[in-house]
Protein chains: 2
Amino acid sequence: MPSLDVAGEFETIERLLRPLAHPEWGRGLADDVAVLPSRPGYDLVLTKDVIVEGVHFLPDDPLETVAKKLLRVNLSDLAAKGSEPFGYLLACCWSDRCGWPEREAFAAGLAQDQALFGVFLMGGDTVRTPGPAVFSLTALGWVPAGEAVSRAGAQVGDLVFVTGTIGDGLLGLQAAQAKLKLDAERLARLIDHYRTPMPRLDFADVVRNLATAAADVSDGLAADLNHIAKASGVGIALNLSVLPLSAAAQAWFEDRVDPQAALEDLATGGDDYQIVFTAHPRHEETLRREAERRLLRLTRIGAVTAGEGVAVDYGGRRIELARRGWTHG
Amino acid sequence: MPSLDVAGEFETIERLLRPLAHPEWGRGLADDVAVLPSRPGYDLVLTKDVIVEGVHFLPDDPLETVAKKLLRVNLSDLAAKGSEPFGYLLACCWSDRCGWPEREAFAAGLAQDQALFGVFLMGGDTVRTPGPAVFSLTALGWVPAGEAVSRAGAQVGDLVFVTGTIGDGLLGLQAAQAKLKLDAERLARLIDHYRTPMPRLDFADVVRNLATAAADVSDGLAADLNHIAKASGVGIALNLSVLPLSAAAQAWFEDRVDPQAALEDLATGGDDYQIVFTAHPRHEETLRREAERRLLRLTRIGAVTAGEGVAVDYGGRRIELARRGWTHG
């Protein structure tokens, strides 16, 4: 598409984005398309997320971390399906605040994450917008043919596990908005998590081999479990009392007057980018061993039941969540 | 990605977008990803464009045609590479003006074009934005392995051809902005072209078999030829006098005081979505026959030369273009 904006886009592609291109498939960003050879024996896994300034990231977030977060939230989707990412297409709608230094920071963030995660830019588009900045990314990954994990395979009797800790996404947002009272180091860690969450690619192969259903925790643990329950035609019992908390979240939690409400907030907050999945009980030991080998926390938070929806237990009592998590949007 | 917006996005996916999903690969839009089986012997061709309200489409364009244009400009990129489209991922950032009826119109436009072009929705994202509406689309197509046409293959001695007519994109924009004086029927045709350009998929196989280099005319004929010249390391001689014009463009042209300036405007205006390509002279007759069979206009507009850049000839004189076409953006 052409645009009425003349300055900057050509240079942005030429000087900032071309160095990020896949050496072959991206065609040096000098063509209209990317061309990807077939990989027999593998399925291609695709996901596309879009983030809007003021909605999905804060206007004062550095563009370096905005770029990283954009890439990482997409890689998180691939990880939860047991897929190995290799590339992405990118569309940037730069706002007025995105001058050359900001664009350089954006590209620098991508360059660092490309090296970290082994992915390359394949193509895309760069335009200006009179409104808030908008960035869209399509991530591409491989998975052995037929082995992509879905949301739909949970079986009654399976156990429910989650990697890492839950709630840092919500607390990180509050920290970044200066709404949280904690010591400086913990605040910094939470803000780091909010700005540059770590996609659980290190656990993707385990999920692929052992999980019956999986999703990444983006909408909120309860909402994402609900997606799995619905797609699988089962119920899920979630034990709120064992929610795994980071040290920072634990410190915040200990200051709460109403611990149940606090845990509910964390379980519905979203933006955690952990993997929540179901697996047959016979795999529990293997799962724990694999998590340990990867220095990764793994918590059994519930079980798959007959019925529908998510039934939440807190201290032995069945409770109703006031809020089911962010709506998909 | 979660967002703070609760109303509308879930329903938009459930009621408007799910009916558009590929029956298998799109996973009913009920998963985090699309999963695409490998197609041995074929390469996957990918392209991604983004359009912003007020920049790439007009605030009063109906959302039905905005959706069609978004899809078509991406399909145009695939056609120019000789590729056959089959699917797309979509990200919608709805503005305040995008209520339910507007979203229904957007989905209806997609449904019509899916039937027309044989493509399916594979996945994506839908969010709200406080700014102008932004839509991003990633289109997917197949091409026999190794046969994707690039911008880089033009050879000295090749001829340069363009399908259809040039300038309707520019005049269509002016017509849609009520800046053009022409009879009502011609205005309507130009506005139609601006809002729903026709990707030249009907000529994609010919381009794949016979073109040495190709691009779709999106940035402007002169600019897109310049891309080909640069990527191929050659020069291109463009004969402005033979620029193919539609009846509406011809009527506009005949009213101009300065015919050379008028043709320059049309050759640099962009948004035409024709295919411009280079081919060996021995294929000229076959190309003309194939175009005729498809009821498609095909015009020889120049030749590939040693040197670099685009040399424009008008009435036997070498001229300099005041403007080289829209910058990519």
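Please read every residue number as a count from 1 along the shown chain.
Cβ atoms here come from the backbone N, Cα and C positions, even for glycine.
Any TrEMBL annotation is an automated prediction that lacks curation.
What you see is a predicted model, and the numbers here were worked out from it, not measured in a lab.
What TrEMBL says about this one:
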type	residues	note
DOMAIN	A:31-143	domain 'PurM-like N-terminal'
BINDING	A:D32, A:T47, A:D77	Mg(2+) 4 binding site
BINDING	A:D32, A:D77, A:D216	Mg(2+) 3 binding site
BINDING	A:D49, A:D77	Mg(2+) 2 binding site
BINDING	A:D49, A:D125	Mg(2+) 1 binding site
BINDING	A:H56, A:D271, A:W326	substrate binding site
BINDING	A:G124, A:D125, A:R151, A:S218	ATP binding site
DOMAIN	A:155-313	domain 'PurM-like C-terminal'
BINDING	A:D219	Mg(2+) 5 binding site
Let me know the DSSP-derived helix, strand or coil state of A:D77 (Mg(2+) 4 binding site), please.
helix
Let's check the environment of A:G124 (ATP binding site): how many other CB atoms sit within 10 Å of its CB?
27
Pull the DSSP breakdown for the domain 'PurM-like N-terminal' (A:31-143) and write it out as helix, strand, coil residue counts.
36 helix, 47 strand, 30 coil
Looking only at C-alpha atoms, tell me how far A:D32 (Mg(2+) 4 binding site) is from A:D49 (Mg(2+) 2 binding site), rounded to the nearest Å.
21
Can you give the mean pLDDT for the domain 'PurM-like C-terminal' (A:155-313), rounded to a whole number?
97
Using a 10 Å cut-off, grab the number of neighbouring Cβ atoms around the Cβ of A:D77 (Mg(2+) 4 binding site), all chains included.
27
Cα-Cα, whole number of Å: A:H56 (substrate binding site) versus A:D49 (Mg(2+) 2 binding site)?
11
C-beta crowding around A:D216 (Mg(2+) 3 binding site), within 10 angstroms:
27
Determine, from DSSP, whether A:D271 (substrate binding site) sits in helix, strand or coil.
coil
